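Notes follow once the structure below has been shown.
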Amino acid sequence: MGNTCVGPSRNGFLQSVSAAMWRPRDGDDSASMSNGDIASEAVSGELRSRLSDEVQNKPPEQVTMPKPGTDVETKDREIRTESKPETLEEISLESKPETKQETKSETKPESKPDPPAKPKKPKHMKRVSSAGLRTESVLQRKTENFKEFYSLGRKLGQGQFGTTFLCVEKTTGKEFACKSIAKRKLLTDEDVEDVRREIQIMHHLAGHPNVISIKGAYEDVVAVHLVMECCAGGELFDRIIQRGHYTERKAAELTRTIVGVVEACHSLGVMHRDLKPENFLFVSKHEDSLLKTIDFGLSMFFKPDDVFTDVVGSPYYVAPEVLRKRYGPEADVWSAGVIVYILLSGVPPFWAETEQGIFEQVLHGDLDFSSDPWPSISESAKDLVRKMLVRDPKKRLTAHQVLCHPWVQVDGVAPDKPLDSAVLSRMKQFSAMNKFKKMALRVIAESLSEEEIAGLKEMFNMIDADKSGQITFEELKAGLKRVGANLKESEILDLMQAADVDNSGTIDYKEFIAATLHLNKIEREDHLFAAFTYFDKDGSGYITPDELQQACEEFGVEDVRIEELMRDVDQDNDGRIDYNEFVAMMQKGSITGGPVKMGLEKSFSIALKL
């Protein structure tokens, strides 16, 4: 699922590392092999073993990348470079289907790199029995009929697993992009899980202004259909080709957007793993159009201190620790650093005639700041690139440190503090709501599908250390510390008490989901109406004090003053709450009711875009 196309696509770096040929090192180099060399040899064996017998050591015929404006179908490609390109457009490509990379993550640290593996025949993949014919085999739930709501238009792009079409919502006439994934191409259980995880992560990141939004997922006998917002402005990659390179001011602006997405993803426990210019689309053709991140097919949920070992990504952008098969979210910052280099110069920082050579350069090559246009680029820009492309991930800048760098700052003003983890920031928001709104969020949370809350479930499991299904004060304290939160015990206790709506002394799974749910979920009319209907027990169209009291009893909410809750929401003072008043309460800013300390409200001024 690593090649999602949402809009027209003519990309030059569109091939996963897993399909690369890694040739053995010459014998006279062996004496000087470093740890990185040994690791690269280990990668060599693994990658070689996954290639088909048809792949040869000789280079394939070249296919020159089409110039902007040429109408070609987007395909997965292997990358070859003949010589250092003057522009991205001079990079030659091989038109060839991608080999699927096995994507199994490991969290156990390894004492030393794997020894070089000998070439061997490719492994046979385990097929899912009748995967392309089994209803509900992918989404694991019954969905509505996609064709009843949307009509398909022209094709926008083609990937290994799916084809993206323009689609129109029949009731509104609004245009969206629909990625249709053929179920017959999902050959393994892992392929199916990749699709599920991609959908889960898109829901988890929903609400960020620079992440493409998912409207819904549908499944029929032959395909899974992902309906997303349509970005008609084309790829960042294409604009780089058209320009050659960006001005420093514009490059810094784009860097803020790209790295801002990385910081937000990491705060939500998501690692993208395939950042490249092709995976950023402009909403429109306008010069100042909003930029959106797409394609979460290789993305993974991660916990602090997790170590991943599967080699995925795209050759020019892959971090050295990924090739060494021991990495974490820092790899995303490396990839973003490569993009910054390209924005400024128009060419990738690490290039070679073969993919093996590209990887060698990634592991050992020097950055070129002497060729044009680098002599005319500021020292501050070069300093940032150097610090983003440090090979030791422990010494590399974090996403927040990049945003604080003088070259990236807006008018010399850095962000005041890193983004809180999603758990902390959302619990702070929840803590300032009155109990009526908390109960309403609980109702909405219980109506969401598993794929919509899968990311929050990962977070709950990370904090619930003893797997009891209940988060204790000590577990919440330890969990927040793991994600970098530095709070006093009194502040943690305030959050605990705010989320513990039924006053049980712990936070159960449903309370946690309600407390950490992104508030964009309450923008949907169907969610709002379902929640209102829950409280309107007699179906009169109004919520009365007695009905609100009954709801409090059902949720185990005690020590609540019904009159005060009603007065906060009842705008026309008729002693009852109609639907419009209920919606106004749900959609306006946090309402400070209940025992939560007002000091927590200062955190809401953080420019949090999750």
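Including glycine, each Cβ sits where the backbone N, Cα and C put it.
Per Swiss-Prot, ATP binding site is recorded for Leu156, Gly157, Gln158, Gly159, Gln160, Phe161, Gly162, Thr163, Thr164, Lys179. A sphere of 10 angstroms centred on the C-beta of Leu156 (ATP binding site) encloses 22 other C-beta atoms.
DSSP assigns Glu475 (Ca(2+) 1 binding site) to a helix in the three-state reduction. Around the Cβ of Glu475 (Ca(2+) 1 binding site), 19 further Cβ atoms fall within 10 Å across all displayed protein chains. Per Swiss-Prot, the feature Ca(2+) 1 binding site maps to Asp464, Asp466, Ser468, Gln470, Glu475; the stated evidence is experimental evidence.
In the three-state DSSP scheme, Asp502 (Ca(2+) 2 binding site) falls into the coil class. Contacts of Asp502 (Ca(2+) 2 binding site) defined by a Cβ separation under 8 A and a same-chain sequence distance of 6+ are given as Glu511, Phe555, Gly556, Val557, in order along the sequence. Taken from Swiss-Prot, the feature Ca(2+) 2 binding site applies to Asp500, Asp502, Ser504, Thr506, Glu511, supported by experimental evidence.
Tyr542 (Ca(2+) 3 binding site) carries a strand DSSP state (E or B). Around Tyr542 (Ca(2+) 3 binding site), the C-beta neighbours below 8 angstroms that are at least 6 residues distant in the chain are Asp536, Arg576, Ile577, Asp578. Marked as Ca(2+) 3 binding site by Swiss-Prot: Asp536, Asp538, Ser540, Tyr542, Glu547.
Feature annotation from Swiss-Prot assigns Ca(2+) 4 binding site to Asp570, Asp572, Asp574, Arg576, Glu581; the stated evidence is experimental evidence. Cβ neighbours within 10 Å of Asp572 (Ca(2+) 4 binding site), excluding its own Cβ and spanning all shown chains: 10.
The compositional bias 'Basic and acidic residues' feature in Swiss-Prot is assigned to 47-56 (among others).
The compositional bias 'Basic and acidic residues' feature in Swiss-Prot is assigned to 70-117 (among others).
Feature annotation from Swiss-Prot assigns compositional bias 'Basic residues' to 118-127.
Across the domain 'Protein kinase' (150-408), mean pLDDT in this model comes to 92. Taken from Swiss-Prot, the feature domain 'Protein kinase' applies to 150-408, supported by sequence analysis.
Below 8 angstroms of C-beta separation, residues 206-207, 422-424, 426-431, 435, 438-442, 444-446, 448, 452-453, 456-457, 459-460, 463, 469-473, 476-477, 480, 528, 555-559, 586-587, 594-597, 599-600, 610 of the same chain, each at least six residues beyond the ends of the domain 'EF-hand 2' (487-522), sit close to that stretch. Annotation comment: Swiss-Prot describes 487-522 as domain 'EF-hand 2'.
If one looks beyond the domain 'EF-hand 4' (559-592) by at least 6 residues along the same chain, the residues whose Cβ comes under 8 Å of a Cβ in the stretch are 429, 432-437, 440, 503, 522-523, 528-529, 531-532, 535, 541-545, 548-549, 552, 598, 601, 604. Under the heading domain 'EF-hand 4', Swiss-Prot lists 559-592.
As annotated by Swiss-Prot, S-palmitoyl cysteine applies to Cys5, with the evidence given as experimental evidence.
According to Swiss-Prot, the feature region 'Disordered' maps to 17-133.
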For Glu581 (Ca(2+) 4 binding site), the one of Asp464, Glu475, Ser504, Ser540 that lies nearest, given that the binding-site residues are compared by Cα: Ser540
Local Cβ density at Glu547 (Ca(2+) 3 binding site) - other Cβ atoms counted within 10 Å: 18
Among Asp466, Asp500, Glu511, Asp538, Glu581, the most crowded of the binding-site residues [Cβ within 10 Å]: Glu511
Which of Asp464, Asp536, Asp570, Asp574, the listed binding-site residues, has fewest other Cβ atoms within 10 Å: Asp574
Residue from Gln158, Asp464, Ser468, Ser504, Glu547 whose C-alpha is spatially nearest that of Asp572 (Ca(2+) 4 binding site), among the binding-site residues: Glu547
Structural state census, the domain 'EF-hand 4' (559-592) (DSSP three-state): 17 helix, 2 strand, 15 coil
